[in-house]
Each structure stands twice: as structure tokens, then as C-alpha cells.
Amino acid sequence: MKFNIVSPVALSCLFFLFLTGTLAQNAGSIVTRELFEQMLSFRNNDACPAKGFYTYDAFIAAANSFPGFGTAGDDTARKKEIAAFFGQTSHETNGGSAGTFTGGYCFVKQIEQSDRYYGRGPIQLTHQSNYERAGQGIGVGQELVNNPDLVATDPIISFKTAIWFWMTEQDNKPSCHNVIIGQWTPSPKDTAANRVPGYGVITNIINGQFECGMGPNTAAESRIGFYRRYCGMLNVPTGENLDCNNQKNFAQG
């Protein structure tokens with residue numbers, strides 16, 4: 001019988017990767033089925049239009065298409081990313097009572113549907129340009145432009161569009177992913193606009209034109225409330241700079 005001997009250097013590298021979390025398998029190593037159900041228990045309430053749509057298996061299948069999602073950095077960084085992602089998307093799809101932060105993932109479609117490319121899915125993907133870029137990003141080409149309702153009828157595609165948005169830089173905006181794992185360095189223009197690392201700038205990325213630079217507001221507080229709840233469930237600190245109350249939105253340069 002032949003034995004393969006692993007060198008001390010290789011063992012040291014593996015140990016380092018283990019300590020830093022680089023070998024984390026996928027988002028499922030943090031978000032177990034049980035935790036998913038606890039975080040999003042309201043989603044299958046009879047009052048929710050999304051009842052039965054957002055499943056754990058669909059989330060994991062989508063997450064596994066993005067190897068960096070929920071796997072970058074140490075244990076705290078990975079958990080904070082999961083808390084931040086679900087904090088933002090729970091607000092976007094909230095159907096619960098104000099101030100409870102338990103009603104996430106109740107909706108799939110935007111209630112007020114002004115055009116064909118209205119908000120759908122966990123991130124409430126809007127605008128034809130985003131449907132086109134998301135389709136390219138998740139490997140379905142023009143399918144989302146031709147049939148945008150796929151984001152509201154195929155749960156894996158729905159989650160994929162949300163994670164694609166989360167992982168992707170757009171225009172002058174960093175990716176939400178890079179912000180939450182501490183890999184974003186503000187430019188001089190960002191600094192002048194009070195855009196600083198933290199959960200608040202993620203709100204700015206997603207909906208800054210309507211929620212940032214105008215002082216405290218209900219929507220921004222909802223996003224923070226969900227994030228705090230999930231950080232508590234994952235036993236990680238929220239970090240600083242949770243709001244974007246004094247930040248210029250990215251559209252202002």
C-alpha cells in the first residue's frame with residue numbers, strides 16, 4: 001500500500017487556511033436549514049403572497065453559484081455578510097408589523113407595478129438595465145429581459161439575481177460584498193460625501209436616492225433593525241456606521 005506524505009509546509013498552509021476561514025465550504029456552513037427557518041419563519045404565513053416560494057434549497061443552490069458569497073474572511077466576517085444580506089433583503093420583502101423585524105421574505109413582487117421591469121425577488125430587482133445585467137451575470141443571457149417574471153417564478157433564479165446584485169460593482173458603487181467584508185476603501189469623493197465603510201453604505205448602494213442624506217427615516221431604520229436581529233442570531237457585532245443619514249447618495253457623485 002502506498003502512502004502519500006503531506007509536507008510540514010503544506011500542513012501549515014492548510015492550518016492557516018482553516019484558521020482564516022478560506023476553506024469554508026459555502027454559505028450553508030453558516031446558514032443551516034434550521035437557522036434559515038428561524039430567520040425567515042414568517043415567509044410561509046398564509047397572509048404572505050410569497051408563501052412556499054423562498055426555500056432553503058433554492059437559497060443554497062443560488063449561493064453555491066457565487067463561491068465568494070458568505071465564504072470570505074474569518075468566521076465573523078462571513079456571518080456579518082449573511083446578516084447584512086438577509087437584513088437588506090428582508091426589508092425589501094417585508095410583510096410583517098412595523099418594528100418587529102420578523103416579516104422578511106413575505107413578498108416576491110413589488111406591490112405598485114409601474115412598468116414591466118418592476119421589483120421582483122429578494123433584492124426587488126428593478127429597471128430593464130438591471131434585468132439585462134443580472135441575466136448576463138447569472139448565465140441566462142437575455143432571458144430575464146424577455147421574461148422578467150422568471151425572477152418571481154423560479155426561486156433559484158430569484159435568489160441568484162439578489163446575490164448577483166450583492167456581489168457586483170455597478171457604476172461608481174462598490175459591491176455590497178466588498179463593503180461588508182471590509183475590502184472597500186472609500187475614494188476621496190466618497191469621503192467628501194460621508195460615505196464610510198459600514199452597513200449604512202450598503203443601504204446607499206441599494207436605495208440611496210430615496211433613503212440617504214435626509215436624516216433618520218423609517219425605511220433605513222427597518223434595514224438596520226433586520227440586520228441587528230440577524231447579527232444577534234449569529235452572535236456577531238454589527239460594526240459601526242449603520243445608517244446613511246448624512247451620506248450623499250451615489251447618484252450625486
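Using the three backbone atoms N, Cα and C, a Cβ is placed for every residue, glycine included.
Keep in mind it's a predicted model, so treat the numbers as computed, not measured.
Here's what Swiss-Prot has on this protein:
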SIGNAL    1-24  signal peptide
ACT_SITE  GLU92  active site, proton donor
DISULFID  CYS212-CYS244  disulfide bond
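All features noted in Swiss-Prot, drawn onto the structure.
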residue	record	DSSP class
GLU92	active site, proton donor	helix
CYS212	disulfide bond	coil
CYS244	disulfide bond	coil
Cα-Cα, GLU92 (active site, proton donor) versus CYS244 (disulfide bond), nearest Å, comes out at 17
All-chain count of other Cβ atoms within 10 Å of the residue listed as 'active site, proton donor':
24
Have a look around CYS212 (disulfide bond) and count the other CB atoms within 10 A of its CB, chains all included.
29
